[in-house]
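Down below is the structure, laid out as structure tokens.
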Amino acid sequence: MNEELTQRCEEIRKNLIEVVSKNGGHLGSNLGVVELTVCLDEIFDFKEDIVLFDVGHQAYIYKILTDRAERFDSIRTRKGLSPFLDPNESSYDHFISGHAGTALPAAVGFAIANPDKKVIVVVGDASISNGHSLEALNYIGYKKLENILIIVNDNEMSIGENVGFISKFLKKVISSGKYQNFREDVKSFINRIKADRVKRTLERLERSIKGYVTPFYALESLGFRFFNVFEGNNIEKLLPMLKKIKDLKGPTILLVKTEKGKGYCFAEEDKEKFHGIAPFNIETGNTYKSLVSYSEVFGNKILELGKEDENIYTLSAAMIKGTGLHKFSEEFPERCIDTGIAEGFTVTLAAGLAKSGKKPYVCIYSTFIQRAISQLIHDVSIQNLPVRFIIDRSGIVGEDGKTHNGIYDLSFFLSIQNFTVLCPTTAKELGQALEISKNFNLGPLVIRIPRDSIFDIENEEPLEIGRWKVIKKGSKNLFIATGTMLKIILEIYDKLQNRGIYCTIISAASVKPLDENYLLNYIKEYDNIFVLEENYVKNSFGTAILEFFNDNGIQKPLHRIALKSAIIPHGKREELLKEERLKGESLIERIEELIYGRKK
């Protein structure tokens, strides 16, 4: 049987590398859990048991082994398989899994509601240190839930190298491999002793030794059982252990040591690069050449600012490389703080730095800043602290799909008191926004960065907070564009002119505050006003202008051209923008319908 499973693992690993090389995706963690997932499939019943992953980065093999093997080559493509687990995709997917820390809390709910079913949670070693996970562990131990099996996949990485005390705990447990055998021998010896007084003395000794040997003694004292597999890519080791713990009652934790990138030499050598990777050449491991991104522009500029001002600190929640901070981190390691997957903690830490006279920059993806709204309000806004927020991946992100799109942050930042919000429309404006941020002390400042290649305009005027810029001057129709939408509306400018839609185009990087002077004094020239943004339409930039119109008695038709849906699927960014009628011919048709009141 083991030879068959080994062959199966080889076939899955080959298929995985081929598909991800074409579509991009999360390769390293999935290569590491091939044997673990195959063995879980062998021992447990995926149809009857409830299997959860935290996070879904490591669930590709699970998709293949359930009901999606024939469609696996469509993963991350439009209308193909989702990049993460999705209950809308398969009955085997019990819970969505885009963000870290959700599986253990959800498992508690499943375990309570389904006492006769086994709930198996595969948790990454970075996710286990997340606050949600620790809260769930606290409850599981307190209630001694009998039907939960927690498998901690320790590959010593999240996206980059793991940080934090709990990660060090895991390393200590994994390295103390002889502990389990020692403990079993001690228990066996104690059980053979008849004298109660001697037995109690030895039991106290065993507990004392355990407190020194395993850092998880506190959890073990709450009723958890701990087991280790130190060769997590070895079927001969995995199968017997899973059989042993399958029917145990009470909360159980199995620590499995796997190798991220296992079986593909380039992924083994550069684990961070192959965590999440764009399409690449299998023979060389090299990705195909891409255009310069806004994240790169930010990374270069923040390094420059860091050299000028030693009070600048950068913070990221396990996303140093993704947010463009790797150069800053190398140059100023003592001023670049990686907090791990702990967004709320990151924001409050930054507030403490700001309160102490430092200049903190919280660099984080839009989808993850959602996890820190309480801290944004309570710790930053109410105290009006000058914390700078660099919100990367704002707008549609593409292949990572609905759990990762950055289409909510603008709405809640507009709602929170004291925040200034900038959405640069060009690479030059991004640099200017960062230059302004260095000495900005009026309160918290947000600078939003899209997942897009850079765009610039010749002879562009400098960025000013509270002031917009006229890019094209025309008549009848006014287009106010923020962020990426300036590039998009300029792409169709000539076609609009040719169709008789004459217009003025405004670059509006300053979203909060608005350019009230322009709105009060120049709006009356136009028959139609369009506000273009890559954000969910509710409580949007356009809504803020609409409210300003209402408050100031301005009676002009205002059309909000934004994302109509709050849940955008996965696919290429260009495809999704066109589907949302925010690009190209579909945008032109949308504008015509709004002007003429009918479909043309």
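Note that Cβ sites are derived from N, Cα and C of the backbone, with glycine treated the same way.
Taken from Swiss-Prot, the feature thiamine diphosphate binding site applies to His57, Gly98, His99, Ala100, Ala126, Ser127, Asn155, Tyr264, Glu343. As annotated by Swiss-Prot, Mg(2+) binding site applies to Asp125, Asn155.
The shortest Cα-Cα distance between Asp125 (Mg(2+) binding site) and any of the binding-site residues His57, His99, Asn155, Glu343 is the one to Asn155. Cβ neighbour density within 10 Å is lowest for Asp125 among the binding-site residues Asp125, Glu343. Among the listed binding-site residues, namely His57, His99, the Cβ with the most fellow Cβ atoms inside 10 Å is that of His57. In sequence order, Gly28, Ser29, Gly32, Gly124, Asp125, Lys257, Thr258, Glu259, Lys260, Lys271 are the residues of the chain that are 6 or more apart from Asn155 (thiamine diphosphate binding site) and have a CB within less than 8 Å of its CB. Using a 10 Å Cβ-Cβ cutoff, Ala126 (thiamine diphosphate binding site) registers 30 neighbours. Once the Cα atoms of His57, Gly98, His99, Ala100, Ala126, Ser127, Asn155, Tyr264, Glu343, the listed binders of thiamine diphosphate, are compared pairwise, the greatest separation found is 32 Å.
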